[in-house]
Amino acid sequence: MNIVCYGLQWGDEGKGKVTTYLSREFDYVVRYSGGSNAGHTVNYGEFKLVHHLVPSFDIRGNTKAYIANGVVVDLDVLIKEIEEIKKIGFDVYDRINISSLTHIVLPVHKMLDEKLEIAKGEKAVGTTKRGIGPAYADKVHRIGLRLVDLFDKETALEKLKFISKMYKNLYGIEWDDYEILFENFEKLSRIIVPPLEMKEELKNANVLFEGTQGVLLDIDMGSYPYVTGSYCNTTGVESGLGFPIKIDKRIGVFKAYVTRVGKGPFPTELFGEEAEKIRIAGREFGATTGRPRRCGWLDLPILRYAIETSGCDEMIMTKADILSGLEKVKVGIRYLSNGRKFEIPNDISMIDKVTVEYIEFNGWKNLEDDNFAKFVDFIERETGLKIAYISTGEKIDDIRKV
């Protein structure tokens, strides 16, 4: 069986924990998009890991991992992650493969990312400055460097010199320290494989595809221009993988409230003491940047939008425990714009111009409370989808089947 596990909001839904929990039943976990801008936190109890590039698979088991060519890879970050895992007693080099067609994030990409954010001023997107957008841009400009290019050092050096010249002439960015790149490549060369080799490997395997960010950050279907540089919707699986594959189920992960990092529209956003209470209780600070996340009430119109555009089959709810103890919990149920009501936005670009109609629930003391059961039932009715699992805490096994 092949399943996609992905985010239904603006990322940070708890996909890392959920994917790691589900991974035990699969032969492979495959990352198909994004880069080191992802920050998937996994709490094993005795230790905690933050995955930026290593797919979220249970390192204590037998599941293998694959980084497909839809991902852009910072070799330094990937090596450091693998080495960090090794330090706690798990050598995963023999359980990870990476596509030879994967594009590489270079130092010039990070420099340009920062320059662009500064140049945009108040219109800055609020990127992680990890060079993800510029790396994808070079891929589209057909000047990007792939892992396969590094097998021929002489040709790779020619390409690197050309890239350096372009960045110096166009942006005033200088970089010519190529040797570290080749050193990192040597460390990873034995795990690099052609996509068609992985096609054979995955043909008869049970595969869990791990989404990064969330549908609302997808380069096409997200809240553009406040989005990431990749296809993080379920539609990105096959393009990111490089070959067709049958998807049996799409499982969308959402938080019982909403957060987002950086700028962009956020119809149900909370401010002041209300927002800070949720932010502190939920530890809502970016795993990649450490930035405080913006917090707000659950937004059903935008959740329905994400469900429709991704073909979601069932959902997993996370962080409902964070709302335990609140006297009242609100849910945005529809948008109001120019005298009209919207259950789901036809055009996501409209959401910065709407007001929100809310419904209020009595709060719950814990997740066994009848008030919480009413909250869950309401969401299932309003979305038309079953909530298959509910996360009950921070650790991997703090999750229950509904």
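Placed from the backbone N, Cα and C atoms, the Cβ positions cover glycine too.
Marked as GTP binding site by Swiss-Prot on the basis of sequence analysis: 11-17, 39-41, Arg293, 319-321, 391-393.
Per Swiss-Prot, the feature Mg(2+) binding site maps to Asp12, Gly39; the stated evidence is sequence analysis.
Taken from Swiss-Prot, the feature IMP binding site applies to Asp12, Glu13, Gly14, Lys15, Asn37, Ala38, Gly39, His40, Thr128, Arg142, Gln213, Thr228, Arg291.
Here Swiss-Prot flags Asp12 as active site, proton acceptor. All protein chains shown were included, and the count of other CB atoms within 10 Å of the CB of Asp12 (Mg(2+) binding site) stands at 28.
Feature annotation from Swiss-Prot assigns active site, proton donor to His40; the stated evidence is sequence analysis.
The Cβ of Pro292 (substrate binding site) lies under 8 Å from the Cβ of Arg279, Glu284, Phe285, Gly286, each of which sits 6+ residues away along the same chain. Marked as substrate binding site by Swiss-Prot: Ala287, Thr288, Thr289, Gly290, Arg291, Pro292, Arg293.
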### Message
Cα-Cα, whole number of Å: Arg291 (IMP binding site) versus Gly11 (GTP binding site)?
### Response
14
### Query
Out of Asn37, Thr392, which has the highest number of nearby Cβ atoms, where nearby means within 10 Å of its Cβ, if these are the binding-site residues?
Asn37
### Query
Just going by other Cβ atoms within 10 Å, which of the recorded positions Lys17, His40, Arg291, Arg293 has the emptiest spot?
Arg291
### binding-site residues: Gly39, Thr289 - member with fewest neighbouring CB atoms within 10 Å
Thr289
